[in-house]
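Visitor: Here it is: the structure, laid out below.
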Amino acid sequence: MERLVQRMYCLGMRDPPPANIMAQQEPNGDFPYLPSGAAEVNRMIKENSDLFSDSQCKVCSAVLISESQKLAHYQSKKHASKVRRYMSIHGSEEPIAKRFKPSGDDQSNVDEKDKYKACSVCNMTFSSPVVAQSHYQGKVHSKNLRMQSIGSQTPALPQPEAQAKKDDGMQGPAEQDPNRFCSICQASFNNPLMAQQHYSGKKHKKHMNKQKLMETFGPSTAPASTVKGYPCTVCNIELNSVEQYQAHISGSKHKNHAKPKKGPNAFAPPPDNYQPDYQYPTNEDCLEDPAEWDSFNVAYE
């Protein structure tokens with residue numbers, strides 16, 4: 001270094017050499033300096049392990065995935081510039097190890113900084129806060145976060161007594177809550193979000209339409225365990241959808257089966273309250289005065 005200074009003075013330069021030149025020429029001096037070669041890079045990492053490692057540079061928020069990338073990063077001018085800026089802001093009077101050991105009051109701030117370096121939910125690391133912010137606002141993080149919350153709310157196994165009540169047909173408090181159980185589809189939910197997704201889905205709407213049709217046209221005579229579609233007991237067939245069922249009951253084939261049969265065995269006696277369209281009058285109705293009816297009988301004899 002003395003030779004460099006003497007040479008610069010010989011060239012007429014009265015001012016001291018620039019700081020970056022001193023940094024490059026003094027690898028054994030004060031930090032920061034720009035290392036040259038793998039040995040100096042490893043030495044710098046070892047002496048400043050709180051800031052640098054073989055896989056990460058905390059000053060630049062850079063993740064290093066290979067040996068060549070590590071050497072290229074730590075020997076770059078961009079890295080040296082950020083280190084000088086970091087040291088000018090934080091100062092060098094306080095030991096590095098002490099600066100990076102958070103106290104109890106600063107633990108929340110450290111956690112806030114750590115979330116911009118890695119995401120424990122998605123098991124990812126970030127090279128900068130901008131990349132981290134983009135990840136936290138993305139669909140992948142939202143999906144993994146939702147799946148983690150669902151997994152943490154997994155219900156416990158039912159007790160034997162509760163299971164016996166369920167087998168007897170008695171509904172518990174959870175089965176009476178629509179956010180926990182759908183009595184129409186016999187489906188249970190872990191949280192209100194799953195319930196909302198179920199109620200807006202096609203399967204639930206299909207069962208709702210089926211229930212309305214059964215209430216309108218009457219229940220099926222077939223066992224409930226074998227009924228998977230929309231049965232017509234008149235024609236003894238089963239339809240797959242609401243549209244097919246409505247088209248069937250509006251068709252001529254169904255109406256022909258629904259009409260009363262004609263033939264010798266098709267006659268049925270009238271009901272007790274049957275009233276004919278025309279009633280024949282009696283004798284009393286024809287002759288209002290009974291004396292007139294007696295005179296009519298004498299004249300006839």
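Glycine is treated like the rest: Cβ placed from N, Cα and C.
Pulled these features from Swiss-Prot for this protein:
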- 55-85: zinc finger (ZN_FING)
- Cys57, Cys60, His73, His79: Zn(2+) 1 binding site (BINDING)
- 117-141: zinc finger (ZN_FING)
- Cys119, Cys122, His135, His141: Zn(2+) 2 binding site (BINDING)
- 151-177: region 'Disordered' (REGION)
- 180-210: zinc finger (ZN_FING)
- 230-257: zinc finger (ZN_FING)
- 250-283: region 'Disordered' (REGION)
- 251-262: compositional bias 'Basic residues' (COMPBIAS)
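Please situate the listed features within the shown structure.
Guide: Averaged across the zinc finger (55-85), pLDDT in this predicted model comes to 88.
Counting only same-chain residues six or more apart in sequence, the Cβ atoms lying under 8 angstroms from the Cβ of His73 (Zn(2+) 1 binding site) belong to Cys57, Cys60, Ala62, Leu64, His79. In this structure, His73 (Zn(2+) 1 binding site) is part of a helix by DSSP.
Within the chain, the zinc finger (117-141) has long-range Cβ neighbours (under 8 A, six or more residues past its boundaries) at 56, 58, 61-63, 148.
Cys122 (Zn(2+) 2 binding site) carries neither a helix nor a strand DSSP state and counts as coil. Of all Cβ atoms in the protein chains displayed, 16 besides its own lie within 10 Å of the Cβ of Cys122 (Zn(2+) 2 binding site).
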Visitor: Within the chain of His135 (Zn(2+) 2 binding site), which residues six or more apart in sequence place their C-beta under 8 angstroms from its C-beta?
Guide: Cys119, Cys122, Met124, Phe126, His141
Visitor: Per DSSP, Cys57 (Zn(2+) 1 binding site) is which: helix, strand or coil?
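Guide: In the DSSP reduction, Cys57 (Zn(2+) 1 binding site) maps to strand.
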Visitor: Other than its own, how many Cβ atoms are within 10 Å of the Cβ belonging to His141 (Zn(2+) 2 binding site)?
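Guide: His141 (Zn(2+) 2 binding site) is surrounded by 17 other Cβ atoms within 10 Å.
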Visitor: Inside 8 A of the center formed by the CB atoms of Cys119, Cys122, His135, His141, which other residues of the chain have their CB, for the recorded Zn(2+) 2 site?
Guide: Val121, Met124, Ala132, Tyr136, Gly138, Val140, Asn144
Visitor: Inside 10 Å of the Cβ of Cys119 (Zn(2+) 2 binding site), count up the other Cβ atoms and send me the figure.
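Guide: Excluding its own Cβ, Cys119 (Zn(2+) 2 binding site) sees 19 Cβ atoms within 10 Å.
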Visitor: Would you list the other residues of this chain near Zn(2+) 1 - those whose C-beta lies within 8 angstroms of the C-beta centroid of Cys57, Cys60, His73, His79 - in sequence order?
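Guide: Output for this site, in sequence order: Phe52, Val59, Ala62, Leu64, Tyr74, Ser76, Lys78, Lys82.
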Visitor: What is the total of other Cβ atoms whose distance to the Cβ of Cys60 (Zn(2+) 1 binding site) is within 10 Å?
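Guide: So the Cβ neighbour count for Cys60 (Zn(2+) 1 binding site) comes to 21.
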